[in-house]
Ligand SMILES: Nc1ncnc2c1ncn2[C@@H]1O[C@H](COP(=O)(O)OP(=O)(O)O)[C@@H](O)[C@H]1O
Ligand SMILES: [Mg+2]
């Protein structure tokens, strides 16, 4: 390597850009009134906020704009604490959300950068599938109405079909990431793991060793597939459909943790849960199963028979034969045979009464509780420094809004 | 979005016209006059010097990409970021080396081939070792990344002609060398601002059209047109193919027929082809040493100010 001349340390150059940015800088606090925080997730925190300036609609009327602001903490090097720029997950989510525009995907209002943190401002959604499932299993103690489930499922598939048609794989579909507006419109959220899949530069496996929260992870992923396809999203949708019906996860396995060398362990427990319901996969059901890297591990399982029929028939709100057919088509072992989002949308299930609608709550006599918004604890390091007076005065110490069953937090990532 | 170019941020916000581009160069043109770069006068000459600079910076970014072992697509994305940034900023006020390294760092993340910030810096040091070096650390590159994101308006997904070339390759079949040659032309085109002006699929088609034109010209001259060959010595093998391709006139006829059947605005494609011809006619005038020289003076002037 040639020795370089003393490098011009041109900090003045950055100074210019800094001035430029500061001149037009909109501070988060100036534009939005933070009403409290909603969730503390993998990458940062999600806050509820109101725009200080209301928007004016075409009739000259003020419309109140409520947002969910997702704050990404700066990416730091583990030990050295030196700042290394924006995380890959933020790059993914920002780049995709900037492009996406669909009724059933969450809309990104804007992105703000401030003090080394990134703030993504999304339209606020009052509910999510997880919260609604919880409400029915804990408080209501009644199944979700058939019409609501069907409307949820149809809109979810509608959003997924849009993503797939645009070469986006979501890779983290689960109830906590499927939002619902107060009017019952489904909005797919959390694109932090999503990616474009045309001409992947590297086998998908290299980027993230583990994708999809374990309970929603497709069998080909559990068996070590390296070149998976959009069908992994459909498996997750199948699991979500079953969960909306049963009010509990259909395949609730224990995640085998990664060892210190970051080898991906064999997910015996999760596979057992799947086999218990769907039966052991055979070469008839999945002709290329023997190409799966973990195929040999399957010898050590005892044979199970397919009990999905019994499982479905026990569910109180699952009465439709077409619904059962659709579920089996989504929980198909062989990824090639698994139904596509587009085909699922025109499945007979959706032509039967009650037909799905964008207003998933129509005709419901009860209302779901609003999302809990906790007042910000001012001491939480890295939180938005000061929030609107009302909330901060409460001064209550609150811990992160973690769901006790881990559905909200079990996402493991290995990034290069 | 991804499936439809015109619905993407690239198609909606980043297709600029020549006039807008010229306007974005005004500060730098004035600046070049001020610092009497290259001691020459006349608008055209200054424009030329400016093109020279951007040409050289292409080489810097491409070299950085090769050192990091990244694919051509990532280099193309980095260069597009770089060019987009400089439609809103001037060489006068920003250090193109810092911007270049940051564009590469961000492009690698965007294209799912993340690189350690330190490796990008290290390789940038190597690439620029004999041109004043690179004196920025993690913090500065990360800070620059923030400014870059903002200037890019967070529109990070970039379309490239390569994807269209791959689609066209299916039509042409494996035996054809047209796509491979067009591929190199597309690479070369990133030295110019074409990616800011024309949609990527048209650039791809124009590159293919250019290859067919050359083939036709060569066939007509029955392989004696050595002038074209010399002139295009470094243009990725165009015109330097083996003489016994066995395609002959009939092959070219077929190619032309196939080409004219493509559903595309042929006016625009011809415009791009003119740009391609321009690029290769400039090729001999632009020499790397001259470009390096210009850039060095530019950076020196920055340091003084
Ligand atoms: N637009 C939104 N409106 C309301 N709540 C939201 C919104 N986006 C996210 N949330 C809440 O915040 C949680 C975490 O957000 P998410 O985008 O999934 O980030 P993470 O990567 O941390 O999982 C969600 O599960 C949901 O409860
Ligand atoms: Mg989430």
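In case you wondered, yes, glycine gets a Cβ from its N, Cα and C as well.
Annotated range for transmembrane segment in TrEMBL, selecting from B:3-23, B:24-44, B:45-65: B:45-65. It is B:225-244, from the ranges B:205-224, B:225-244, B:245-264, that TrEMBL records as region 'Disordered'.
The domain 'Cyclin-like' (B:59-150) scores a mean pLDDT of 94 in the predicted structure. Note on the domain 'Cyclin-like' (B:59-150): DSSP counts are 65 helix, 0 strand, 27 coil.
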